[in-house]
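J.: Below is one structure. I have some questions about it.
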Amino acid sequence: MAKKGKEVLNALDAAKTQMYHFTAIVIAGMGFFTDAYDLFSISLVTKLLGRIYYHVDSSKKPGTLPPNVAAAVNGVAFCGTLAGQLFFGWLGDKLGRKKVYGITLMLMVLCSLGSGLSFGHSANGVMATLCFFRFWLGFGIGGDYPLSATIMSEYANKKTRGAFIAAVFAMQGFGILAGGIVSLIVSSTFDHAFKAPTYEVDPVGSTVPQADYVWRIVLMFGAIPALLTYYWRMKMPETARYTALVARNTKQAASDMSKVLQVDLIAEEEAQSNSNSSNPNFTFGLFTREFARRHGLHLLGTTTTWFLLDIAYYSSNLFQKDIYTAIGWIPAAETMNAIHEVFTVSKAQTLIALCGTVPGYWFTVAFIDILGRFFIQLMGFIFMTIFMFALAIPYDHWRHRENRIGFLIMYSLTMFFANFGPNATTFVVPAEIFPARLRSTCHGISAASGKAGAIVGAFGFLYAAQSSDSEKTDAGYPPGIGVRNSLLMLACVNFLGIVFTLLVPESKGKSLEEISREDEEQSGGDTVVEMTVANSGRKVPV
């Protein structure tokens, strides 16, 4: 690596933790706060949408979204997210992280508002408009994954880099919690202001006209935190690593870094001949043998583990309400009015978020640079597997009223170890182990693989969790394999996560250039290197 360029990057790695590091966490993290709020808040209002738009006169049960509509409403944002992760991940490497960072946020703001303003002449028309806006909302959310992770990894020092990236991702927990709290406040306010009988007393009167405002307000609220951080995102300079390693402008990199971090460094413009173009192997692209040789197993590890994790994680999160209903923790729908049902579902999800989801994220932040990424991910998958089997095998035991608290504790622990485990580490590792010129792209590919898993979870679990008894299925659904067997399947998915975690290298305590071998590339070396995974002595070829 050219001397001046290496000085800039070494200064970043050695920089003390400063106020701007925390500012960057908040700026990037508020995007993830919004991401989680928008992606998970829909699960709080889907039952209300069914009551409002798909009520059937003389039916003994409140209206529910038809299977295809429910699948679309729950899953379309993930389809957009997958596309956004691939597109903006690639664009972040081509144009720079900063240039496209504001676009993703504005998409989130506009489409959050659009979701709440969905319209149509018929029920299906309203749902189609909602799905349109939620697809593009997901597209913006998708871009935030690779860009936020890459920006934070390239700003951070090597000592606390894992904690900084994990802290950005941990804002998801607050987003999920905020979704539940906002929904609680809105539904409680409307429930007290517009009294309504239960469905079994008055099927039509149980859904007051004002209920249509509840879901719209909940969805539109997601625009506020994103809008508040737009200005600060636009003020962030390009990362020094992108400017020095990809744009090849060391002088600008040093200048940008000095503006935000307390590091005095003067760099001169470097000749192009000093760049890593001296050896063709060191300018390899994504679809080359050289990339496959150096990083193929790494990319396979990050994509498969994120895919498997999101099948279990998103199916569990999106359909908490169905699991709670199945074990009897949430009363039968006909015993509540429409708005009170939103309140009840929100209360359950908020409790789980408070007890399991949020603490898990911040345990990762606290321990990731101590225990390492590999250990935390492996531990998380192991405990998720154990708790899923513990929920599924004695499932009938948990359905008894006196055992419901035990079920909720086990379920909370599953969510805890998902977040103090692979849900955080699958986000952190791809931002560290790939070269700067491909870092955002590879993170986008890994994240898109995760969202493919989320789509499988969102669409598959919706049908699979239906009772095998056709008389007990929700309206319009074919018989499924039941909640118990669905939980068994998720436990097996988590076990596969343990296996594929063995392909993921440890990146704790190393500089980004050391992990990705860019320091070797820049110096023109051609040494075969191995990366030690965790502290086990096991090595993965790179």
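Note that Cβ sites are derived from N, Cα and C of the backbone, with glycine treated the same way.
Source: prediction; values computed, not measured.
Pulled from Swiss-Prot, these are the listed features:
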- 1-24: topological domain 'Cytoplasmic' (TOPO_DOM)
- 25-45: transmembrane segment (TRANSMEM)
- 46-70: topological domain 'Extracellular' (TOPO_DOM)
- 71-91: transmembrane segment (TRANSMEM)
- 92-99: topological domain 'Cytoplasmic' (TOPO_DOM)
- 100-120: transmembrane segment (TRANSMEM)
- 121-131: topological domain 'Extracellular' (TOPO_DOM)
- 132-152: transmembrane segment (TRANSMEM)
- 153-161: topological domain 'Cytoplasmic' (TOPO_DOM)
- 162-182: transmembrane segment (TRANSMEM)
- 183-211: topological domain 'Extracellular' (TOPO_DOM)
- 212-232: transmembrane segment (TRANSMEM)
- 233-294: topological domain 'Cytoplasmic' (TOPO_DOM)
- 295-315: transmembrane segment (TRANSMEM)
- 316-350: topological domain 'Extracellular' (TOPO_DOM)
- 351-371: transmembrane segment (TRANSMEM)
- 374-394: transmembrane segment (TRANSMEM)
- 395-404: topological domain 'Extracellular' (TOPO_DOM)
- 405-425: transmembrane segment (TRANSMEM)
- 426-443: topological domain 'Cytoplasmic' (TOPO_DOM)
- 444-464: transmembrane segment (TRANSMEM)
- 465-485: topological domain 'Extracellular' (TOPO_DOM)
- 486-506: transmembrane segment (TRANSMEM)
- 507-542: topological domain 'Cytoplasmic' (TOPO_DOM)
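Give me the lay of the land around each of these features.
T.: The average per-residue pLDDT of the prediction over the topological domain 'Cytoplasmic' (1-24) is 73, rounded to a whole number.
If you look at the topological domain 'Extracellular' (46-70), the same-chain residues 6 or more away from its ends with a CB under 8 A from one of its CBs are 123-124, 126-127, 199, 203-204, 206-207, 211-212, 214-215, 321, 333-334, 338-339, 341-342, 345, 462-463, 474-477.
Same-chain residues lying 6 or more positions outside the transmembrane segment (71-91) and placing a CB less than 8 Å from one of its CB atoms are 38-39, 42-43, 46, 49, 65, 100, 103-104, 127, 130-131, 134-147, 314, 318, 440-445, 447-448, 451-452, 454-455, 458-459, 462.
Residues 31, 34-35, 38, 84, 88, 91-92, 126-130, 132-134, 136-137, 139-144, 147, 151, 215-223, 226-227, 229-230, 233-234, 236 of the same chain sit 6 or more residues outside the transmembrane segment (100-120) yet have a Cβ under 8 Å from a Cβ within it.
Taking DSSP states H, G and I as helix and E and B as strand, the topological domain 'Extracellular' (121-131) has 9 helix, 0 strand, 2 coil.
Remote same-chain residues near the topological domain 'Cytoplasmic' (153-161) are listed as 12-17, 20-21, 24, 97, 239-242, 369, 431-432, 436, 439, 509-512 (criterion: CB distance under 8 Å, separation of at least six residues from the stretch ends).
Within its own chain, the transmembrane segment (162-182) has Cβ neighbours under 8 Å at 21, 24-25, 28-38, 40-41, 44, 148-149, 152-153, 155-156, 218, 221, 317, 346-347, 349-350, 353-354, 357-358, 360-362, 364-366, 368-369, 373, 419, 424, 427-428, 431-432, 507-508, counting only residues six or more beyond its boundaries.
Sequence-remote contacts of a segment are chain residues at least 6 beyond its ends whose Cβ falls under 8 Å from one of its Cβ atoms, and for the transmembrane segment (212-232) they are 23, 26-27, 30-31, 33-34, 37-38, 41-42, 44-45, 48-49, 52, 102, 105-106, 108-110, 112-113, 115-118, 179, 182-183, 186-187, 190, 339, 342.
The list of residues near the transmembrane segment (295-315) in space but at least 6 beyond its ends in sequence, with Cβ under 8 angstroms from a Cβ of it, reads 78, 377, 381, 384, 388, 418, 422-423, 426, 429-430, 433-435, 442, 445-447, 449-454, 456-458, 460-461, 486, 490, 493-494, 496-497, 500-505, 516, 540-542.
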J.: According to DSSP, how is the topological domain 'Cytoplasmic' (153-161) divided among helix, strand and coil residues?
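T.: Final tally across the stretch: 4 helix, 0 strand, 5 coil.
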J.: Can you count helix, strand and coil residues in the topological domain 'Cytoplasmic' (92-99) using DSSP?
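T.: Once the DSSP states are binned, the topological domain 'Cytoplasmic' (92-99) shows 7 helix, 0 strand, 1 coil.
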J.: Any contact between the transmembrane segment (374-394) and the transmembrane segment (25-45)? By contact I mean 3+ C-beta pairs closer than 8 Å, pairs at least 6 apart along the chain.
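T.: Output no: the transmembrane segment (374-394) is apart from the transmembrane segment (25-45).
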J.: For the transmembrane segment (405-425), which partner among 25-45, 444-464, 486-506 gives the most CB pairs under 8 Å?
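T.: If we count Cβ pairs closer than 8 Å to the transmembrane segment (405-425), 486-506 scores highest.
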J.: For the topological domain 'Extracellular' (395-404), how many residues does DSSP put in helix, in strand and in coil?
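T.: Its residues fall into 8 helix, 0 strand, 2 coil.
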J.: Who are the chain neighbours of the transmembrane segment (25-45) in space, where the CB to CB distance is under 8 Å and they lie at least 6 residues beyond its ends?
T.: 73-74, 77-78, 81, 104-105, 108, 112, 115, 134, 137-138, 141, 144-145, 148, 151-152, 164, 167-176, 178-180, 182-183, 214-215, 218-219, 221-223, 225-226, 228-229, 232-233, 236, 317-321, 342, 345-346, 349
